[in-house]
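**Q** Just passing along the structure, written as structure tokens.
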């Protein structure tokens, strides 16, 4: 972290993000992450759902030992926790696991069981959105694995943008990638992926709110199936 980075105001960071979004639109994912590493240093992190470790792997090439933030909601598939543990063991990253203030049992006691079925927005707010806001407090910029081809709600994702909700630079280095691009990178670099991706799941979230996708459905159709909800609140 440099003095210049520390002294940037919110307006300066916002202008930086908007300018970088334009200038880096045609850059490669690795070039985007190298820019992030050079610009923000240890005030930059990657968030990962442990669906795969592609962005974490890319970021480790740009900034060895980079912080990789993982939200343990208490509802994850065992395969997801296993992927996190494997990433921590074999990759040059520093995995930071965030947890909600309440355990699942404590939440059940206050709000009743299966809040995810009755009020999924509140459940996501308690177990994802709030913990991430607290966990990102010390960073200026964070990277995600969002891709434009995942759903209509993500079709306009910038490679670098401004996260108005959190007042941070938000970087989506693989926004322009297709699922085929992801698979090519995984194969070429031997990147860890969640075993559920080969078991019918195209997008992996909390176990109670995730199902396998059907042929012809978009990648996120298995999330909160049967509801209009398509995002947990972390990205929109």
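Cβ from N, Cα, C; glycine included.
What Swiss-Prot shows for this protein is this:
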BINDING   123, 124, 206, 209  [4Fe-4S] cluster binding site
ACT_SITE  232  active site, nucleophile
**Q** 124, 209: which of these binding-site residues has the highest Cβ count within 10 Å of its own Cβ?
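**A** Ranked by Cβ atoms within 10 Å, first place goes to 124.
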**Q** So for residue 206 ([4Fe-4S] cluster binding site), how many other CB atoms are inside 10 Å of its CB?
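**A** If we count other Cβ atoms within 10 Å of residue 206 ([4Fe-4S] cluster binding site), we arrive at 23.
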**Q** Count the other Cβ atoms sitting within 10 Å of the Cβ of residue 123 ([4Fe-4S] cluster binding site), across every protein chain shown.
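**A** If we count other Cβ atoms within 10 Å of residue 123 ([4Fe-4S] cluster binding site), we arrive at 23.
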**Q** Going by DSSP, give the three-state secondary structure for residue 206 ([4Fe-4S] cluster binding site).
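**A** Looking at the DSSP assignment, residue 206 ([4Fe-4S] cluster binding site) belongs to a strand.
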